[in-house]
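K.L.:
This is the structure I have questions about; it appears just below.
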Amino acid sequence: MIVSGLSGSGKSVALKTFEDLDYYCSDNLPVELLPDFVKSRLRGNPIGNQRLAVGIDVRSRSDLTQLAQWRLAAQEYGIEALLLFFEASDEALIKRYADTRRRHPLSHLGLALPEAITRERQLTEPLRVQADAIIDTSTLNVHQFRRRVVTEFALGSNDRLSLLFESFAYKRGVPAEADFVFDARVLPNPHWDPELRPLTGRDAGVRNYLDNEADVRRYSTQIVDLLDTWLPRLRNDTRSYVTIAFGCTGGKHRSVYMAERMARHAREQGWPEVATFHREQD
């Protein structure tokens with residue numbers, strides 16, 4: 001996976017999302033070093049078992065036109081290199097820079113921000129024209145953006161059903177795109193334990209606390225029975241992924257724990273594409 005685009009459009013968020021899904025990621029890699037990087041990662045490992053994501057943009061200060069030649073050569077070795085190009089409107093980019101107070105990568109040229117954005121569009125045009133997908137992030141918040149990366153690109157091809165286990169806080173609303181929704185507020189709440197309150201459902205302390213609760217074990221068993229029965233029936237559906245969402249009060253402990261627990265179970269059952277997304281944490 002090659003991640004490129006305009007500075008401020010979300011490339012770093014995309015790479016972090018791929019990293020969370022067990023991709024080996026490298027950012028700001030010069031194009032001329034890409035072949036050696038890929039070879040080093042594939043050495044001694046089957047191509048099908050390697051998931052790489054590389055960030056390439058104007059910071060690399062290399063000849064971006066070389067990328068098309070490398071992608072053609074990579075196909076001969078059975079390497080699929082999908083190029084994603086992220087962009088946003090000038091207005092959205094200027095607002096993001098104002099909010100974060102970061103400097104544009106081309107500011108060293110003595111350009112004002114609008115001129116730097118225009119210049120970057122020109123420099124990255126060789127990448128944009130060969131992109132497999134162009135994603136405009138102007139109107140997306142970070143949660144919508146991460147979800148789109150996960151569901152459309154990171155989970156794999158559309159010829160097999162992928163599972164996305166999500167956690168959320170009810171006070172912020174139920175995810176509209178969820179196919180299954182389970183209420184974890186019926187479970188004991190680690191929030192009331194002062195030592196567990198600052199942790200999340202991914203931390204060992206919270207996991208141990210909930211693992212030892214009889215109601216949690218019963219709740220988990222019943223959900224496993226339901227999902228194991230009905231998820232396989234969806235394999236013949238036209239959809240490419242299914243979202244299973246767990247909600248609790250704050251989206252921090254119980255819902256995160258259940259999403260992670262069910263994702264582990266799905267992987268143990270042999271589902272090839274499984275991801276987690278914690279809306280209030282990621």
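Placement of Cβ uses the backbone N, Cα and C atoms for every residue, glycine included.
Features from Swiss-Prot:
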- G5, L6, S7, G8, S9, G10, K11, S12: ATP binding site (BINDING)
- D57, V58, R59, S60: GTP binding site (BINDING)
K.L.:
If you count other C-beta atoms within 10 angstroms, which of the binding-site residues L6, V58 is the most crowded?
P.N.:
L6
K.L.:
For R59 (GTP binding site), just give me the three-state DSSP call.
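P.N.:
Note: R59 (GTP binding site) is helical by DSSP.
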K.L.:
Around the ATP site recorded as G5, L6, S7, G8, S9, G10, K11, S12, what other same-chain residues have a C-beta within 8 angstroms of the site's C-beta center?
P.N.:
D57, F86, E87, A88, T137
K.L.:
What are the sequence-distant neighbours of S12 (ATP binding site), meaning same chain, six or more residues apart, C-beta distance under 8 angstroms?
P.N.:
D27, G55
K.L.:
Which of the binding-site residues D57, V58, R59 has its Cα closest in space to the Cα of G10 (ATP binding site)?
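P.N.:
So, of the listed binding-site residues, the one sitting closest to G10 (ATP binding site) is D57.
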K.L.:
Could you check the binding-site residues S7, S9 and say which one's CB has the fewest neighbouring CB atoms inside 10 Å?
P.N.:
S7
K.L.:
Around the C-beta of D57 (GTP binding site), how many further C-beta atoms are within 10 angstroms, looking at every protein chain?
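P.N.:
Taking all protein chains shown, D57 (GTP binding site) has 24 Cβ neighbours within 10 Å.
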K.L.:
For G5 (ATP binding site) and R59 (GTP binding site), determine the Cα separation and express it in whole Å.
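P.N.:
Pair distance, Cα basis, whole Å: 11 Å.
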K.L.:
Specify the count of other C-beta atoms within 10 Å of the C-beta of G5 (ATP binding site).
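P.N.:
27, counting other Cβ atoms within 10 Å of G5 (ATP binding site).
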